[in-house]
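Features as listed in TrEMBL:
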| type | residues | note |
| --- | --- | --- |
| DOMAIN | 13-115 | domain 'RWD' |
| REGION | 139-168 | region 'Disordered' |
| COMPBIAS | 159-168 | compositional bias 'Basic and acidic residues' |
Amino acid sequence: MPPPLNTVPHVVMELEALRSIYEGDESFRELSPVSFQYRIGENGDPKAFLIEVSWTETYPQTPPIISMNAFFNNTISSAIKESILAKLQEAVEANLGTAMTYTLFEYAKDNKEQFMENHHPVNSATSISNILSVETPIVAPSSKKKDKKEQLTKAQKRKLADKTDHKGELPRGWNWVDVVKPHSARLVPAMA
């Protein structure tokens, strides 16, 4: 069994290098010490896309997992995604055995226009078949708590009803403050 990735010296060095290179870069996001996302293109650019690179236990001797499953990519057709992933896979094979995450991100940035030249945004209601990746990691489902609606007592409801009109709205001017100019009383000296 290989040692944990966070103890392998060249992997630790690559992680530190990525953090240093992309510090302050809003396009880069470290999801975990072995999983990274990079947005290729500016916010609002219709040809922008997001790639995710996750290191395997034997990375860089084995390829990382490259994914385009992010919701950000929901307007990109599956054919374009497959094409981008295929070209990134070629770059992975050329760099196998070396630290390649930075190289993959830069390769995608340099070739963005070529990757997206046939891109025509698709409807945002995507089907399951549009979700692609070279290999999909298992993710635990998140649990959500339901928001509990605040309950009012009868007295609180009555008090609220007394303050509001038939539509449940407070009357106009309910929070207005009277501004009164104080006028000083003239003091007339008493006659003795």
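Sequential numbering from 1, following the chain as shown.
Including glycine, each Cβ sits where the backbone N, Cα and C put it.
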Overall pLDDT for the domain 'RWD' (13-115), taken as the rounded mean: 90
Helix, strand and coil totals (DSSP H, G, I; E, B; other) for the domain 'RWD' (13-115): 43 helix, 20 strand, 40 coil
